[in-house]
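> Per TrEMBL, the features are:
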- 695-787: domain 'DYW' (DOMAIN)
- 277-311: repeat 'PPR' (REPEAT)
- 378-412: repeat 'PPR' (REPEAT)
- 448-478: repeat 'PPR' (REPEAT)
- 479-513: repeat 'PPR' (REPEAT)
- 550-584: repeat 'PPR' (REPEAT)
């Protein structure tokens, strides 16, 4: 049954309009919809102003501001037999969704502008909202108002809110003489670099005069891309036009100089302000934090509190040391306490900043506690938690949280997708990565360069290099990170020659290589045995591009020479590196090479350095002990093992993951927990017999020296990768590719055994270990036994 129609009586007279003014004042003073209901009831009962459009318009707008139900607003509007244009516009301004019939019969520019503004306040990038925006735009065109600057500005803002920048630009381009407000809308909505270009066009055209809002928008864009040169030009232009002293322009300049690292200029501008407001304080505090000047940031925060200003959520976000968290754990706890005391812990921005801070301090328990306590989780908070898990190696937690996000129908953005793909890549979870790929297609994120680059990285690290290359080749807007990802992928799979070819193609495309580019190329040369090419790339990096080698570059060079047996040259090269670049990784690479080439003397020297630099790493003790054992220097091996034991060091246990269907299975050495263990061990016995017939001999030189040879053979036979491969062979159809992931570097015996398994079973077996990918086919490994 429909609700009864509201019937309004004829108004009574009001000589002098005193009663009318009192009525309007009471409407303005009402603090709840109930108060307005009472006023309306009195009006209906007395007959005063029930049909007077001006009080009715005021009443409707006040209902809207007090968040009255939209059905209530519509009912009130429909009670008027002949609503005027003002009342109609008031309703359009108050409703969050488009109702085209309300625009007619007499729309004006305000009608379309209010409808666009109201739609923008409640819309998202969903398809139905975009369709409503296009429908409103079409009606404005048909009514002849689309080129009105007021309407165009509202429509452009609506399209920007919907992330439809191209449509917003089309709206702007249709206006022959855009005014300052329309230009400001365009500048505020465009990506930063495009906004700077648009501002230059605006000034060059000279048809309209920029105002303080224009400069504030441009300064914000310059700050975001750290374009100091453009920022200085805008500063000079502001001085010339007399706009540089406006408060929000000065605040924009402070933010610009701070984000560009010029804290001296930022502080100078701040000190020249007669009475800096809270926004100015926040900009400078943020600048100190971004530049790692945590003490200065904290001191200014104290000065702010002492000056009588009450810190708001933006202040707390600025002072929380997200950019320089290490060494400031106590400050983090103090600020967290202040946030709770100030009752700002319910603020999404503050909670997200604290979540990010705890993630960067690797305090994932506190981070998750902050995240779970949020009553309304924003996209930024989801991203902070998911990326925090991924960056701290808790990949399964990251993927689980993303799945929870999907179950709640929270729409991911490019940052969410990139973080989740990073977790899939670390875990080697190809089936989950493919599922995320489907979501990318569903959410129309395939044009985002960062998402597609993360997808390339995921497929390469999950063993599907062909798919990674296919995605790379289809990309139209490749950036240097995209090139780095595919070059790194080829290096990871041992295809150094193809990685070098891509590197040269990138240079020919006038893409400037970065430090990460050279690291990817050096890594590829190292795992491909391309010694001369690696030397050349390292020289080009330091001499031509003036890039100072970091720890990773130096580690790659030592690894490159060491793998090739050039141990002396590798050792001498270490002395030429900058001291800041000589860390455990460099000496670890040398020790690993000594293990391969059985140089115990140099290994001892390298291990001594490692025991000084990284005394808690059990892996180095294991390497040296294994080297001594392989050379039958058992007493020295025993001393090394005893030293590790006395320090209570525990070697990271080896484990191997294999996905069957969509389900992951993890094995450890000698594992009998798996429900299929009996079948796995039985099959492995039969498989080993076939391998021995084909010429396989167990490599036991690194096994414990104080056990019998038969026991040594059993020890290497039950390594986790052999168990995973046996399970994979049992669980899949003949000819199916087997993919496994090992958390440590594959041992010599398992590498040798996998070659024979691929031969006797006629299967392609792809192994990802801690170092690289190995593709085993017909008894041969893609690494050429060079790993």
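Cβ atoms are placed via backbone N, Cα and C, with glycine included.
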> So what's near the repeat 'PPR' (550-584) in sequence-distant terms, Cβ-Cβ under 8 Å and 6+ beyond its ends?
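For the repeat 'PPR' (550-584), the sequence-distant neighbours (Cβ-Cβ under 8 Å, at least 6 residues beyond its ends) are 515, 518-519, 522-523, 525-526, 529-531, 534, 538, 541, 590, 592-594, 596-597, 599, 602, 610, 613-614, 617, 786-787.
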> Counting by DSSP secondary structure, give me helix, strand and coil numbers for the repeat 'PPR' (550-584).
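Secondary-structure composition of the repeat 'PPR' (550-584): 25 helix, 0 strand, 10 coil.
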> Quick test of the contact rule: Cβ under 8 Å, at least six residues beyond the ends. What residues does that give for the repeat 'PPR' (479-513)?
449-450, 452-453, 456-457, 459-461, 465, 468-469, 472, 520-521, 523-530, 533, 537, 541, 545, 772-775, 782-784, 786-787
> State the non-local partners of the repeat 'PPR' (378-412) in its own chain: residues 6+ outside its ends, Cβ under 8 Å from one of its Cβ atoms.
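Same-chain contacts beyond the ends: 124-125, 348-349, 351-352, 355-356, 358-360, 362, 364, 367-368, 371, 419-420, 422-424, 426-427, 429, 432, 436, 439, 443.
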> Could you give the number of helix, strand and coil residues in the repeat 'PPR' (378-412) as assigned by DSSP?
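For that range the per-state counts are 26 helix, 0 strand, 9 coil.
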> Treating G and I as helix alongside H, and B as strand alongside E, what does DSSP give for the repeat 'PPR' (479-513) in helix, strand and coil?
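Across the repeat 'PPR' (479-513), the residues distribute as 26 helix, 0 strand, 9 coil.
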> So what pLDDT does the repeat 'PPR' (378-412) average out to?
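Within the repeat 'PPR' (378-412), the model's average pLDDT equals 92.
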